[in-house]
């Protein structure tokens, strides 16, 4: 048995710690500290290994560059501890309870050449572990008989050079590692608190009564509605299973839980305040709509059915408030699951990448299924209730083809809440992110999500309120607007074609999205943890795994969509029409897939555009900005071509379906476009799952960094985070594509409604009329002004965060040395107050502008003898705003996503890695792109659809 030599520079002991020592100072300086701090357990002589000195020197240089503590304390928990008598001469074992510590006598050094002897402890009946550090986890491969030596991670890097030289070494366990709650107690919405107080049996009886009522109303309406209800109920049961599955996973060590609790309390506190403000504005707007509808004119169809002004007014307001409520619930569901899944993903990343991926996907899947299911169920319940209450299709009552117009208020309510949720959440998350990056990364040179950054908790809270809650409300609004517009166009076409049973064309969107829940569930469950959790092999590409699930969903969507069109759209008047509409759906599905691919190409660092953008960072900050802007501008070309081809293809497939009106004119063109939109959104639940995956993975990475887990864990979450950036970008591309089609449908519905109210044909808009052209200019201006105000809101809020973070670093210099704790709550409060204040102005602009323009030109038309001038100008405004909004959103989303992933690419080790000049330039680009991709861009999705729905609701004001 050889003895350890003092002439061999760094010596690695069984704890995996690198001893930063020189060859001549071992006995004098280091061995006394080793005896005080090392903990030994059951050893034997076979645990001796040899490594080359250059390898260890390289590790040592890396260690010293990170100013790591060379002597971390290690705790060994066991029932026994002993040192093999052949290894050392004497052992002194002290045992207290489960902890056993042994110190040994000074070994006699002996030179052994240029190699270094490495002593590795063989663990027999216990494990060596730092509390909460993940040291009990395998670092590569399966569990061995010994812990693998690894570099000490950055959270133990607390001893500066002067501490090492002066011997002032303190174990990190002695330093506090707690994180504050943002609220005194967890927040639970009032409705849930009321439900929790109800007796279980009473609650069960109320649930049965409610389900019975819903199914009775559905049976009184149509068997199709009963089918939709059944699928939605099964979907909610499946969502409950996903929730229990995710929540059954462990939350990891205490410091992870504390960080997660701080994020959860901050997110729920902001959500409560934000949605309280939004609800007050919604009630106020509901009263305005009620007053307008009480004095509005009625359509001939409403007059013939006996539907008076007061009934129409209260129906529209009820629809508006229900849509706003459901949109708020959708946002809360998105936030609720993300703040509970993030810590579980972090904990799973300590075991395997695939398990972490599966938890993140299933958590996102729960949110997606609930959001889509609620959108479908809400519209179906509202439709069935109005059908039964108003006695639709009975003699002297409203016809079923006119019923979808009463649902417009639901879409407007959803759009209203989604707009303010996206604005407020986007301003919150990006103001915190920009402030944290500018001071933390650029000025102080600390890593992303470092616990020393006072804005890090606010940044992580923002991921939940901006990306999860806001995106849930956004997709809910998209689906609701698409369903309602397609139902209106289906009813209009069925009425013109005098179809005997128009219910199939009206309810077709509900059936398509019911099957969306089924096929997306299959795609979600296709992602399983196929690996043994104790093995960390070569990491699979998470994007490839998600793409496989999406491919499964796409294939099922094509099959199911074809069957749905045959079931719902077959009519004796045009026996082959269903096939044309099935092809329209196929056009929409292909459009969705191409949109996802285009977004992935321009934002994933595996492809050339992002790598070129990263390369431009090597020549400075300015060239990075130039390259990012040019990439965003270029990325608008392919999506516009795809949208154009899709609209034309779907329109002409519908036109040639064989459905004609009494005059023999083809009437299926617009409905064909509606079917293509349904095809594009037929996989919406899975796409939303991929979107929710992004912020959950981002939060998980932040928790891992703040709790200072091993580098192997952070590498897993970094990969998931980078993929999450790509999935968020692809979802935004998907959302703007669906928004463009939905806005086209809503524009057509608006023209039909104007014709119905004015009794004058309104089939086209002539932009050669000066007033109409001005309306178009105002629509384009609205998009640019809205984007400017949204970005400037982020800038102003970020300035407050920057000033606060700088103040804390100056007034609390011990933060950088871990001697003082940052005031995280202060940054959260600043960002929350700023975002709530800043979201009002751009939101009010979006709501007031079309109404004001319509009223002004209505008065002008009254005095100039043009009765429809107000309606025409608003139509031009809506048209130009849609076109400009599509282009602007594509530019903002793609440029921001590309900047973010260019930074991630450099942080992965390319082009100098973290801390290099190239990385600093990339951080600048990412900072510029933050308000682009997470505030202004996503808000435009909602804006262009809200403009369409508000013009539908306010159409009588323009006449």
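Think of each number as a place in line: the chain as shown, counted from 1.
Placement of Cβ uses the backbone N, Cα and C atoms for every residue, glycine included.
Annotation source TrEMBL lists transmembrane segment at 198-218 (among others).
The transmembrane segment annotation in TrEMBL covers 224-242 (among others).
Taken from TrEMBL, the feature transmembrane segment applies to 278-295 (among others).
What TrEMBL records for 359-383 (among others) is transmembrane segment.
If you look up TrEMBL, you'll see 403-421 (among others) marked as transmembrane segment.
The transmembrane segment feature in TrEMBL is assigned to 505-527 (among others).
Listed as Cβ neighbours of the transmembrane segment (547-565) (distance under 8 Å, sequence separation of 6 or more from its ends, same chain) are residues 361, 508, 511-512, 515-516, 518-520, 522-524, 526-527, 578-579, 581-582, 585-586, 589, 592-593, 596, 675, 679, 682-683, 686-687, 690. As annotated by TrEMBL, transmembrane segment applies to 547-565 (among others).
Long-range contacts of the transmembrane segment (577-598) within the same chain: residues 512, 550, 554, 557-558, 561-562, 565-566, 569-571, 635, 638-639, 642-643, 646, 649-650, 653-654, 656-659, 668, 671-673, 675-683, 687, 730, 733-734, 737-738, 741, each at least 6 residues beyond the stretch ends and with a Cβ under 8 Å from a Cβ of the stretch. Annotation comment: TrEMBL describes 577-598 (among others) as transmembrane segment.
For 636-654 (among others), the entry in TrEMBL reads transmembrane segment.
For the transmembrane segment (666-688), same-chain residues at least 6 beyond its ends with a Cβ under 8 Å from one of its own Cβ atoms are 364-365, 367-369, 371-372, 471-472, 475, 478-479, 482, 485-486, 489-490, 493, 496-497, 505, 508-509, 512-513, 515-517, 519-521, 523-524, 549-550, 553-554, 557, 560-561, 565, 577, 580-581, 584-589, 591-592, 595-596, 646-647, 649-660, 730-731, 734, 737-738, 741-742, 744-745, 748. Residues or ranges marked as transmembrane segment by TrEMBL: 666-688 (among others).
Taken from TrEMBL, the feature transmembrane segment applies to 772-795 (among others).
Look at TrEMBL and you will find 843-861 (among others) tagged as transmembrane segment. Here the transmembrane segment (843-861) has long-range neighbours at 285, 416, 419-420, 423, 771, 775, 778, 782, 785-786, 789, 867-874, 877-878, 943, 946-947, 950-951, 954, 957-959, meaning same-chain residues at least 6 beyond its ends whose C-beta is under 8 angstroms from one of its own.
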(message) Quick check for me: are there 3+ Cβ pairs below 8 Å between the transmembrane segment (278-295) and the transmembrane segment (403-421), leaving out pairs under 6 residues apart?
(response) yes
(message) Could you check whether the transmembrane segment (505-527) packs against the transmembrane segment (224-242) - three or more CB pairs closer than 8 Å, residues at least 6 apart in sequence?
(response) yes
(request) Take the transmembrane segment (403-421) and find every residue of the same chain, 6 or more past its ends, with a Cβ under 8 Å from one of its Cβ atoms. (result) 274-275, 277-278, 281-282, 285, 289, 312, 315-328, 331, 375, 378-379, 382-383, 386-387, 390, 392, 469-470, 473-474, 476-477, 480-481, 484-485, 487-488, 490-491, 506, 753, 839, 843, 846-847, 939, 942-943, 945-946, 949-950, 952-953
(request) For the transmembrane segment (359-383), find every same-chain residue at least 6 residues outside the stretch whose CB is under 8 Å from a CB in it, and list them. (result) 214, 217-218, 221, 225, 228-229, 232, 235-236, 238-239, 242-243, 245-246, 249, 319, 322-323, 326, 329-330, 333-334, 337-338, 340-341, 344-345, 348, 403-404, 407, 410, 414, 468, 472, 475-476, 479-480, 483-484, 487, 507, 510, 513-514, 516-517, 520-521, 524, 527, 546, 549, 684-693, 696-697, 700, 720
